[in-house]
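To start, the structure itself, in structure tokens.
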Amino acid sequence: MTLGDRLGLILIHPAVTTVPGLLEAKKLELSKKNYVIGDQFLINKLNDNSVTLEKDKYDLIYYLTPEKVEDIKFPVKLIPVIQSALKTNGSFYGLTEAFKVDALVNGFEIVSVEDNDYHWIKKAGSANANVVQLKTKKKLGNEVKSGKLPTFKSKLPTFKKKDAGNNEQVVKLSVEDVEDDLDDDPEVSNELLSKAKFFNSLSLNQDAEIDENNLIKSTDGDGITMITCGKTNTKKRRACKDCTCGMKELEEEEIDNIRTQQDKVVQFTSEELTEIDFTIEGKLVGGCGSCSLGDAFRCSGCPYLGLPAFKPGQPISLSSISDDL
């Protein structure tokens, strides 16, 4: 290392090994600018603290990665480490504008030129920057001493418990009050008025016990009410589950009549059955008229598909295809 040479460091992305010659080309380029590469480390070694950098040692630090400019990823926590390892006015290359805020926060000055030589420079005096502690101008309550919380002299308001004897009484409405209210609205039904009169006529004590037998009328036990099959919401009357009026028998009779009509199958005579017969000459044939010629001439819905060719009027023999059956 000569007097005019400057010390440099290369931080290598692990994927650089996939691009042969990239590292050597970068070393040659930096050597032409009078930089001597004293160290080179993998970025993951620096990230997991396997390697530590000395403070104010390097004039240049270069982050070498094969990633595209818009896809570069870098651990942000290493930016202050790099700033500490650079000398004053030292340069850091390899990152983009995406990390601009982190660079400014950590005391870098951004240099952007037209020949894609984008880099950061460690500003003078950034290493001696001190944190300024802010103090509040106003004091709340007593002064805060020795980290204790402030105290307040004002007391919280107190409330007295309400006496049990001052409970509100229930307001009862008389029939006259209800009638006055109903007169104001002529559209109210008379049913509401009759209900009000009924409940007002009851003079039962709330604490008195009521015998349930007194609520049963003398006519309630005269007899059992028979449930008869009546009309339902459906259009047609249907029998109940335990029908005793004969409705269930009528429904069963109707179902039997329907089944009897369904059992009557339409009977065809022999002439009607042979009205369309492809095996009898002179009878009507299908639309294609080629049913007897074989599968090559038959329609897709022909009933003779798969059978051998035959002459009209000749009985069909399956002996020719017995080997296939």
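Every residue, even glycine, has its Cβ placed from backbone N, Cα and C.
Here the region 'N-terminal SAM-like domain' (1-169) returns a mean pLDDT of 79 for the predicted model. Residues annotated as region 'N-terminal SAM-like domain' in Swiss-Prot, with sequence analysis given as evidence: 1-169.
For CYS229, CYS240, CYS243, CYS245, the entry in Swiss-Prot reads [2Fe-2S] cluster binding site.
Per Swiss-Prot, region 'Fe-S binding site A' is recorded for 229-245, and the stated evidence type is sequence analysis.
Under DSSP, CYS291 ([4Fe-4S] cluster binding site) is assigned to a helix (H, G or I) in the three-state scheme. CYS291 ([4Fe-4S] cluster binding site): 22 other CB atoms within 10 A of its CB, across all protein chains. The [4Fe-4S] cluster binding site annotation in Swiss-Prot covers CYS288, CYS291, CYS299, CYS302.
Annotated motif 'Cx2C motif 1' per Swiss-Prot: 288-291, in sequence order.
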Quiz item: About how far apart, in whole Å, are the alpha carbons (Cα) of CYS291 ([4Fe-4S] cluster binding site) and CYS243 ([2Fe-2S] cluster binding site)?
Solution: 61
Quiz prompt | Pairwise CA distance, CYS299 ([4Fe-4S] cluster binding site) versus CYS243 ([2Fe-2S] cluster binding site), rounded so that it is a whole Å | solution = 59
